[in-house]
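Structure, as structure tokens:
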Amino acid sequence: MQQLATRREYPEHSKPFRKKAALLSVIALGLGQLYNRQYAKGILMLAFYAYGVFTAVTSLPHALWALSTLGETETHLQKVGKLYKQVLGDHSIFLMVEGLITVFIMIVLVWMYIAGIKDAYQTGKLREEGVQPNTFNQTLSFVMSYRFPHIVLAIPMLGVVFFTVMPIIFMILVAFTDFTRETMPPAHLINWEGFEAFWGILRNKAWSHTFYSVTLWTFIWAFFATVTGYFGGFAAALLVQSKGIRFKPFWRTAFILPFAIPMFVSTLIMRNIFNGQFGPVNQYLGMLGIAKAPWLSDPLWAKITLVLVNFWLSFPVSMLMIIGILSTIPKDMYEAADIDGASGTQKTRLITFPMVMYSMAPLIIMQFVANINNFNIVYLLTNGKPLNGDFQFAGHTDILITWLFKLSMEQGKYNYASVIGIFIFIVLSVFAVWNVRRTKAFKEEDAS
Amino acid sequence: MKPGNKARTTIRLSFSYIALILLTAFCAYPALWVLMSSVRTGDALFSDTILPTAYTFSHYTELFAKHPFGVWYMNTLKIAVSSMILGTILTLLTGYTFSVFRFTGRKNLMSLLLVLGLFPGFMSMIAIYILLNQMNLLNTHTAVIIVYAAGAPLYFLFAKSYFDTIPRSLVEAARIDGAGHMPIFFRIVLPLSTPLIVYTALMTFTGAFTDFIFAKLVLRSPDKKTLAVGLFDMIGDRFSNEFTMFAAGCVLAAVPVTILFILMQRFLVEGLTAGADKG
């Protein structure tokens, strides 16, 4: 509404309202609004300001102290009367999380404070131009209609900030501390350690060897998992959709089966199917007179089994997507090719394949990224086994994310795990940002 | 058509059918195997014959007698349905807002959310664990539901691109007629979005139904466990001792989700290709 206000000549009695309003707002948020005769709004903002100042005074110093020192008193025994009693010290991790939350809230408060000052200034400016400031009801309806997206997004954003952003920041902070199971609070204090954990992984021979090997395997795994799944799905899609095949819905449904069965169930089942001693696969091989294969116990075989099981799990998704894309390829392209006398394979190679590749490229990248992080299949199928004596707490088939999990949940080396987490974070972000920026759904569609 | 051509087509088709049958066997085998294991007598993983010689349903009844399987089932359904409702509403609202409104920071916010969506939630599980501990929510279903629902809006992209296809003139006409944002969303946009709602609901439901790593961390006592956690522990604790019973549990857990997926096939195709550049 403010934007719609018509510009007028400055009346004779115009005063410098805007500076006064803004200044008053700087002193105490809401005063500027009161000065602008927006009483209800002003009182609300004053109350908010009082709350903000109260929070800042009461908890900000504590939060800053907590974040910078991570606690100063350790749990210790203290003489109370004649007895020694255990006195709980500072809990470094709680202090860190609390400090983070307080800092987050303060950032929001400061942002709202600045917005309030801006508002007072704008309203003052309008008054100078002789426009009546909005009444409270007008303000409300303005907020409801023009700030609607912000209000709606606030709820999901709150969830994202609390359960995704803050944990990630926490993880990044932990990488710079000495937080391990041995220094577990509240019995011990945690200290800032700078890049100690980073050097620990990169400079120590045993650790860096593990890190490089696991990283290499992660990428090899992601590559093969993505490629097999994609081309398997492509072949299945072409097979199902090819001319003359009957009962198409039946075949499609049969191939969706691996996708439809909950993954944790099918992976646990696969672990038993490929069991070296009792599993049915080796049993059938035995019946055929072929030697048993060490599906899960030999390093190379275990890796092949992983890719194979992942193929089973993932080709239906690619197939469904490619079937969807095949239906969008214009028929006249094939008709034109027919007239030119192209053979079936030529049509597949020169029309279908490039069209599908063009559409699927972003999805393939996304699958590659998802496979780098494919925790479930590795954890449930091999759990990183077979063990590797040269590695620090990792097996032959462990990928970065399962190694991270083992380091934190099993070994309690939280700082090292966080370093790995940061590394994964950086690798993923590069792929993700690049990919997200170029997908069509993301590009502006303002023309419509 | 020339006769030679016809013969070639027949050969091509026969090869295609052979390939289709082989692939079907490959896809269905694990499901059939676990189904057969669950009705086999004895409790071992190993069996001498491919087909069981004697059938029994005792493993199914044992499952309920020896483990609180019914409780796990109800827990899982409760968690999955609640997170489905909350998560779907949040996802749809997020997608709608990004699709219809233009505001500062919109694009950056979108790419931020998409990037964040790539991180597996448990990468920062320690922090979530502490957070839940502070809110006194450990070992409660509320915690799991909140975390699942809060994570759902990160996958708003399909919702956004679906809403992009709804004509803007429809929304604008309603606005000129004086309808508010919320009535427009619920009365006009949502009724046009059945495939989207089904897909989003299905994905959040199965996500919550099958997740085990986070549930395992938060839910500790046996009466709070979900199916995934219960089944995982069953086979982790006493490996191959109760294999046939575990198989029965797998069948019971997998059947509803599998049927849902098969019935909702056509919605899946649309949802999965949301990120693709359609010509």
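Counting starts with 1 at the first residue shown.
Using N, Cα and C of the backbone, Cβ positions are placed for all residues, glycine too.
Taken straight from TrEMBL:
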TRANSMEM  A:43-67  transmembrane segment
TRANSMEM  A:93-117  transmembrane segment
TRANSMEM  A:151-176  transmembrane segment
DOMAIN    A:215-435  domain 'ABC transmembrane type-1'
TRANSMEM  A:216-240  transmembrane segment
TRANSMEM  A:252-274  transmembrane segment
TRANSMEM  A:304-329  transmembrane segment
TRANSMEM  A:350-370  transmembrane segment
TRANSMEM  A:414-434  transmembrane segment
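Within the same chain, the transmembrane segment (A:304-329) packs against the transmembrane segment (A:216-240): three or more Cβ pairs sit under 8 Å, each pair at least 6 residues apart.
Residues 248, 251-252, 255, 303, 306-307, 310-311, 314-323, 326, 348, 352, 356, 360, 364, 367-369, 371-372, 374, 396-401 of the same chain sit 6 or more residues outside the transmembrane segment (A:216-240) yet have a Cβ under 8 Å from a Cβ within it. Between the transmembrane segment (A:414-434) and the transmembrane segment (A:43-67) there are fewer than 3 Cβ pairs closer than 8 Å, counting only pairs 6 or more residues apart in sequence, which means the two stretches are not in contact.
Long-range contacts of the transmembrane segment (A:43-67) within the same chain: residues 28-31, 33-34, 90, 95-96, 98-100, 102-103, 105-106, 109, 112-113, 116, each at least 6 residues beyond the stretch ends and with a Cβ under 8 Å from a Cβ of the stretch. A Cβ distance under 8 Å defines the sequence-distant neighbours of the transmembrane segment (A:151-176), meaning residues of its chain 6+ beyond its ends; these are 96-97, 100-101, 104, 143-144, 192-198, 414-415, 418-419, 421-422, 425.
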